[in-house]
Amino acid sequence: MTRSADLPSARLLIVGPQGSGKGTQGVRVGEALSIPVISTGDVFRANVSAGTPLGQQVKAIIEAGDLVPDSLTSEIVRDRLTQDDASNGFLLDGYPRNLGQVGDLDAFLESRSEALDAVIELSVPREESIARLTQRALEQGRTDDTEEVIANRLAIYERETAPILDVYRERGIVDAIDGVGSLDEIADRITAALAARGITG
Ligand code: AMP
């Protein structure tokens, strides 16, 4: 999917704790705005499943719920953002995940005279995140959805990822969205927030 250059750019992030529904909502936003959704977690999982050298390198890290090194992650994202379909917009899901990655992404976008247009912050109470992740573990059997690994991932989110929102809030580009409700209700909230910034499909 490529966003037409006639439309305002839509360079977006979706940020929220694991189990906030950001993957599901991200796909909807991507479809509505004709932008590719780039999920670093999906890229890593696909490589692990396919047994590529990258997959072998990151398998144990993902299974522990730890973060893959910034240099490796940022290089993957830069390569992906350089592809044509991301030229006028993209939605990053799961990246940046810490302040180092924010710096990497800023440097990349600045080198192209580009900038982020909006950051969607999806909020859900911690108990709700845990309940949703536990449900997903039952349904999908992800190796990183065990109770211990979930706790590690949520702790990393709170310690390393939540602070990135302060940086983007200072830039005035964060839209805080209540992530509790039906999928349609949440999608409508996101659409309205983006439309208020002039970002429409
Ligand atoms: P996710 O599906 O976004 O929860 O990602 C699954 C796992 O992939 C994470 O627990 C990390 O091990 C790894 N991962 C995904 N995105 C990143 C990132 N931006 N930086 C470092 N590791 C990541």
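Don't overthink the numbers, they just go from 1 along the chain as shown.
Here the Cβ of each residue, glycine as well, is placed from N, Cα and C on the backbone.
Automated prediction, rather than curation, is the source of TrEMBL annotations.
Since we're looking at a predicted model, the values are computed, not measured.
Straight from TrEMBL, the features:
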type    : residues                                                                              : note
BINDING : GLY19, SER20, GLY21, LYS22, GLY23, THR24, ARG136, GLY181                              : ATP binding site
BINDING : THR40, ARG45, ASP66, LEU67, VAL68, GLY94, TYR95, PRO96, ARG97, GLN101, ARG142, ARG153 : AMP binding site
REGION  : 39-68                                                                                 : region 'NMP'
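A simple Cβ count within 10 Å picks out one of the binding-site residues SER20, THR24, THR40 as the most packed, and that one is SER20. Taking H, G and I as helix, E and B as strand and the rest as coil, DSSP gives the region 'NMP' (39-68) the counts 23 helix, 1 strand, 6 coil. Least crowded of the binding-site residues (GLY19, GLY21, GLY23, GLY181), judged by neighbouring Cβ atoms within 10 Å of its own Cβ: GLY181. For ligand 1, the neighbouring binding-site residues among THR24, THR40, VAL68, ARG97, ARG136, ARG142 are THR40, VAL68, ARG97, by Cβ distance under 6 Å. Sorting the binding-site residues LYS22, ARG97, ARG136, ARG142 by the number of other Cβ atoms within 10 Å puts LYS22 first. Within the model, the region 'NMP' (39-68) shows a mean pLDDT value of 96, rounded to a whole number.
Comparing the Cα of TYR95 (AMP binding site) with the Cα of every entry in GLY21, ARG136, GLY181, these being the binding-site residues, the smallest distance points to GLY21. Each residue contributes its Cα atom, and for GLY181 (ATP binding site) and ARG142 (AMP binding site) these two points are 24 Å apart. Binding-site extent for AMP: residues THR40, ARG45, ASP66, LEU67, VAL68, GLY94, TYR95, PRO96, ARG97, GLN101, ARG142, ARG153, maximum pairwise Cα distance 25 Å (rounded to the nearest whole number). Checking each of the binding-site residues THR40, ASP66, ARG142 against GLY19 (ATP binding site) by C-alpha distance, the shortest gap belongs to ARG142. Of all the binding-site residues in the list ASP66, VAL68, ARG97, ARG142, the shortest Cα-Cα distance to LYS22 (ATP binding site) is found for ARG97. When every Cα pair among GLY19, SER20, GLY21, LYS22, GLY23, THR24, ARG136, GLY181 is compared, the largest distance found for this ATP site is 17 Å.
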